[in-house]
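According to Swiss-Prot:
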- 1-24: signal peptide (SIGNAL)
- 61, 64, 65, 200: heme c binding site (BINDING)
- 244-261: transmembrane segment (TRANSMEM)
């Protein structure tokens, strides 16, 4: 059994080492690891940060991305009022019908509706974005290796605000390998995107929006806030799950102590 465990640990170490090396070879840089508020057994989401993150998504990201797995009514968990949620939902039009004449029509959104894509379909989305349809963001924080750290790094990883301008480290790397230094003039260079050529322009810049709570809207602040919101969208039950886990651990601890005390009481007068 000991030998099996040792072999498993060695294999796991090799996998991690290979994975790290592959990431370094492809990206040239490591992910920016952030101290997220929800990490650790006692970590929890920061509700004001989630509200700011939704504001970034709503005012910036939603022009290209949808969140089909998040209903407007779910935003009540972020502290939004019922009236505020109704107002947000009503900003969007949803297909409905047919009417009495058999014609389809549109209606204002309701809290039961899910946050839609701004495009009618994937082909329309791809046509409007250089051939690549922007992904739905509902589960992005769980779907990408590195999760929130990857998304944050991606948002911060643009080499230039202009397309066709690769990072200096990449140019040097190509030259050292004797390869042609050629980069797609229509793409933006990103340290963390696979292949480094991304169609999405840098989405964030300082003071792009005005936070409703008065927080300074720096690029870094907006990146952290929207990543927090995306992680909540992917794991909205995280706080409840951790609270339940702590209660279970507390219960098991008390139960163990009671059983131990009971055992000692039963066997106290028994001679061994």
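Positions of Cβ are set from backbone N, Cα and C atoms, glycine also.
Within its own chain, the transmembrane segment (244-261) is flanked in space by residues 41, which lie at least six positions past its ends and keep a Cβ under 8 Å from the stretch. Long-range Cβ proximity for residue 61 (heme c binding site), meaning a same-chain Cβ under 8 A and a gap of 6 or more residues, is found for 137, 203, 226. Within 10 Å of the C-beta of residue 65 (heme c binding site) there are 23 other C-beta atoms, taking all protein chains into account. Within 8 A of the CB centroid of the heme c site residues 61, 64, 65, 200, the other residues of that chain are 60, 62, 63, 134, 137, 203. Non-local neighbourhood of residue 200 (heme c binding site): 64, 129, 134, 188, each in the same chain, at least six residues away, with C-beta under 8 Å from its C-beta. Here the Cβ of residue 64 (heme c binding site) has 20 other Cβ atoms within 10 Å, regardless of which shown protein chain they belong to. Pairwise Cα distances among 61, 64, 65, 200, which the record gives as the binders of heme c, peak at 11 Å.
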